[in-house]
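Quick look at what Swiss-Prot lists:
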{"type": "BINDING", "residues": "ASP207, GLU211, ASN235, GLU240, ASP241", "note": "Ca(2+) 1 binding site"}
{"type": "BINDING", "residues": "GLU232, ASN234, GLU240, ASN252, ASP253", "note": "Ca(2+) 2 binding site"}
{"type": "COMPBIAS", "residues": "45-54", "note": "compositional bias 'Basic and acidic residues'"}
{"type": "COMPBIAS", "residues": "55-64", "note": "compositional bias 'Low complexity'"}
{"type": "COMPBIAS", "residues": "66-75", "note": "compositional bias 'Basic and acidic residues'"}
{"type": "DISULFID", "residues": "CYS170-CYS264", "note": "disulfide bond"}
{"type": "DISULFID", "residues": "CYS242-CYS256", "note": "disulfide bond"}
{"type": "DOMAIN", "residues": "149-265", "note": "domain 'C-type lectin'"}
Amino acid sequence: MKKDLLFWGTIISLGFLILLGSGYCQHITDETCSVQILVPGLKGDAGEKGEKGAPGRPGRVGPPGEKGEIGDKGIKGSMGRHGKIGPIGSKGEKGDVGQIGPPGPNGEPGIPCECGQLRKAVGEMDIQVAQLATEVKFVKNVVAGVRETETKIYLLVKEEKKYIDAQDYCQGRGGTLSMPKDEATNSLIASYINHAGLSRVFIGINDLEREGHFVYSDRSPMQTFNKWRQAEPNNAYDEEDCAEMVSSGGWNDVSCLITMYFICEFDKENV
């Protein structure tokens, strides 16, 4: 671009000088007309480097460059501000039972009370509770239902006791050990034993007061009816003073100290 400007500048200057020379020679005809033609000289040596020019105007924004490679991971920044509190979490599972803590301090002395009436009431309550517990236990030990006649009720007690204890057990509830005084009653008790799946029970017959003289548990004497098995009573080892009934309905004399189930008998009028 600079070379073109220099060339055309030289041509224009040369033309201007030619015009001036031709006009000047027309007025001076008698004199010799000399024409000077300026011709560009040879290219000179390179000049010294000029001073740095002023900054040019900003150019247009170039197109976006290509995406560079991922840089190295930066240093961990400082902790940011706390965020909002999150929602309440679900209930966790129940933890293990903790260790037993140390005993606490002794409490202050209580206020003295007039406990005479209270002790009396508590004592009466204890008696009632004990009686109730005994009755409940009695009911639990009664098995195979109830057997009865027109005047009697029979209960089989599933609790092994000695003869005397069994008798006291029945008497404590208003009855006595069962007394089979006739064939019908004896058959009913035998059926009761079979139905319960037992082999024998105590019945209310003994000769505790007089050897060989058997009476019922109400101390009434035995009449003509009996169901002694063959060779019974035999008072084996000189210690068999009480009676049992086996599932067939027969009687044996046995020791009063062994334990077995028993049947209580109650009068319907007293129940």
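Note: Cβ is positioned from N, Cα and C throughout, glycine not excepted.
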Starting from the Ca(2+) 2 site formed by GLU232, ASN234, GLU240, ASN252, ASP253, give every other residue of that chain whose CB sits within 8 Å of the mean position of their CB atoms, in sequence order. TRP228, ARG229, PRO233, ASN235, ALA236, ALA243, TRP251, VAL254
Length of the line joining the Cα atoms of CYS242 (disulfide bond) and ASN234 (Ca(2+) 2 binding site), in Å: 11
In chain order, residues whose C-beta lies under 8 angstroms from the C-beta of GLU240 (Ca(2+) 1 binding site), counting only those at least six residues away in the same chain, are PRO233, ASN234, ASP253, VAL254, SER255
Cβ neighbour count (10 Å, all chains) around CYS256 (disulfide bond) is 19
What other residues of this chain sit with their CB within 8 A of the center of the CB atoms of ASP207, GLU211, ASN235, GLU240, ASP241, the recorded Ca(2+) 1 site? ASN206, LEU208, GLY212, PRO233, ASP238, GLU239, CYS242, ASP253
Tally of helix, strand and coil residues over the compositional bias 'Low complexity' (55-64) according to DSSP? 0 helix, 0 strand, 10 coil
Which of these recorded positions is closest to ASP241 (Ca(2+) 1 binding site) if you go by CA atoms: CYS170, GLU232, ASN252, CYS256, CYS264? CYS256
Reported as an integer number of Å, what is the Cα distance between ASN235 (Ca(2+) 1 binding site) and CYS170 (disulfide bond)? 25
Measuring CA to CA, name the entry from the recorded positions ASP207, CYS256, CYS264 that ends up nearest GLU232 (Ca(2+) 2 binding site). ASP207
For the compositional bias 'Basic and acidic residues' (66-75), jot down how many residues DSSP puts in helix, in strand and in coil. 0 helix, 0 strand, 10 coil
Limited to the domain 'C-type lectin' (149-265), I'd like the whole-number average of pLDDT. 94
How big is the Cα-to-Cα gap, in Å, between CYS256 (disulfide bond) and GLU211 (Ca(2+) 1 binding site)? 13
